[in-house]
Structures are given as C-alpha cells and as structure tokens.
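Q: Here it is, the structure in full.
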Amino acid sequence: MSASDQTLCFHRPRLVAKKVLAKPQSEGDGAVVRRSIGRSELKILDPFLMLDEFAVSPPAGFPDHPHRGFETVTYMLQGAFAHQDFAGHKGTIQTGDVQWMTAGRGIIHSEMPAGEGTQKGLQLWINLSSKDKMIEPRYQELLSQDISRAEKDGVEVRVIAGEAMGVQSPVYTRTPTMYLDFTLKPRAQLHQTIPESWNSFVYIIEGEGVFGYSNSSSVTAHHVLVLGPGDGLSVWNKSSKPLRFVLIGGQPLNEPVVQYGPFVMNTQAEIDQTIEDYHYSKNGFEKAKFWGSQ
C-alpha cells in the first residue's frame, strides 16, 4: 500500500487542535529550556505533565533535585549529560541515547552537561497512575545504536516507545505510551496510526511541516501541536530542507493531578506527605540523608 493510499485508513484523521510556541525560560542552575507542555497555555495533556527542549552549557545544569510520582524520559539530541542518583546509579547519556526513569516513590538525582559547548535534548514527564506512584524507582536505558529504526520513501523513524513502520521498541511503558522520532526528507509524507483513545502531540525539532490536512499551513520548529481526536496523523514536508519532529501519544489516566514542583500526586494530602518525607528523609527518601552528587 502506498503512502497516499494509506490516508484512506484514517476514518478520522487527527488535526491540529492547539499550537503553542515553546519559548525559552530559565530552569535549574543557569540552564535554559523551551517548555511547551507545562506552561500556562498548556498545563497538562494527560498523561503528559511537561516537555522541555533544553540547551545547556557548563557550568549550568540541573544539580541535586528530587522527584516522586511520575517518569522522566531524557532523549539527547546533541552532546551528553552525566546523571547520578542517591541510590548509586550513575552514567552518561550520549547523543541519541534515551534514559527512561521511573521515579516512583522517590529519586534524588543530578543531571549535568558532560562536555564543552551546548548540550541539547528533550525531557518528557509522564504521569503514573495512583497504583504506580509509590513503586520502587527503576531505569530503562537505550543506547543510540540499540534504538529500533526503519526507513522508507524518504521517511526515517527511531522508535523510542511503541511501534511504527513495522518496528517496535523494547521499552516497557507503565502508562501506555508511544514516542516516535521522525525525519522526513523534502517532498516526503507520513501516515502514522495512533490509538483512538490516546491523547497525542507533535513537537517540531527542526524544519517545517504540514500536519493533519495537506492544505494546512506549515508549522516551524519549537512548536508543540496538540492533536485532536482520530485514528492517525498525516504529515507532509513541502519544504526544501529535512523536517524532524517527535510524535508522542499516551493513554489518559483520567485521575486528579496535584503537582508541587517535582512532586506529582493525586491529592493535596499526598503532596503534604511527600514534602514531609523529603524533608525528613523517609518513605523512599532515606538515602538522601548522607548523599550529594560528586
């Protein structure tokens, strides 16, 4: 089946319901991020809590800080980040690598640039359901060369989570999620199915593209596009340069969200308990008492 024939598969093509430009803002210690999900115009897109495109040069970074109740997915686009946590886990996330961290009941960690110049990447926060918020922390780490990929008709995909173009990611998603990194050559087009019950969005990394209908206006880099309901997304690259974007989707949790910075729970009482646990190094934060990153 050709790419153009495949549009017929979409009884309800997903169209762009909302467009938000991710503007630079300060975060961490001297770092700059472009936040899309998580800013005032787009506070949450269940189950997604935040998406940052970061650009960090030493000595700036994200020194020791806690998390509870969700997952962070760090995807390096350029350069490398050094990571270490209070449980003794440490390593370097290089260009093209992915770290899928389930903070669960508690992590304190640092994320700092591991080289000279500007280190760039994306960090996505995915909410956990109430039954999973207090699980033990865990990591899934994918080296760039181990990420599933496919290429056809001018379209290349790296499958970080979920499935596309006949290839599947080994990542286990506690909250069912797809995370696809597409690059379209000039004049290429893409038709990607998305589960109908899921919320989904696009974040454009570079270039410009047409999303939804072929006669829609093109959209440029650093925009997040919230997609409306439907069973799939069509994309066209009508420009003379490559188009690169991530398509991310997930099953909504449909649960209350109470967030206090890096803590995300279901009730204010749970947030109050989390602040107390962090302050007194208990209930998952015991290792914080004698730890500081090196």
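Glycine residues also receive a Cβ, built from the backbone N, Cα and C atoms like all the rest.
Since this is a predicted model, take the numbers as computed values, not measurements.
Summarising the annotation, TrEMBL assigns Fe cation binding site to H65, H67, H109, E111. Residues annotated as domain 'Pirin N-terminal' in TrEMBL: 33-126. Under the heading domain 'Pirin C-terminal', TrEMBL lists 179-283.
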Q: What does the DSSP secondary structure composition of the domain 'Pirin C-terminal' (179-283) look like, as residue counts for helix, strand and coil?
A: 12 helix, 49 strand, 44 coil
Q: Under 8 Å Cβ to Cβ from H65 (Fe cation binding site), same chain, six or more residues apart: give me those in sequence order, or none if nothing qualifies.
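A: For H65 (Fe cation binding site), the qualifying residues are G28, I108, H109, S110, P262.
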Q: Write out, in the order they occur in the sequence, the residues of the chain not among H65, H67, H109, E111 that have a C-beta within 8 Å of the mean position of the C-beta atoms of the recorded Fe cation site.
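A: Near the Fe cation site, beyond H65, H67, H109, E111, sit F62, D64, P66, T72, D85, I107, I108, S110, P262.
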Q: What count of other C-beta atoms do you get within 10 angstroms of the C-beta of H109 (Fe cation binding site), across all chains shown?
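A: Other Cβ atoms found within 10 Å: 23.
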Q: Take the Cβ of H67 (Fe cation binding site) and count every other Cβ within 10 Å, whichever protein chain it belongs to.
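A: Total other Cβ atoms inside 10 Å, all chains included: 22.
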Q: Tell me which residues of the chain lie with their Cβ under 8 angstroms from that of E111 (Fe cation binding site), as long as they are six or more apart in sequence?
A: G61, F62, T74, F81, A82, H83
Q: Going by DSSP assignments with H, G and I as helix and E and B as strand, what are the residue counts for the domain 'Pirin N-terminal' (33-126)?
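A: Residue counts for the domain 'Pirin N-terminal' (33-126) by secondary structure: 0 helix, 61 strand, 33 coil.
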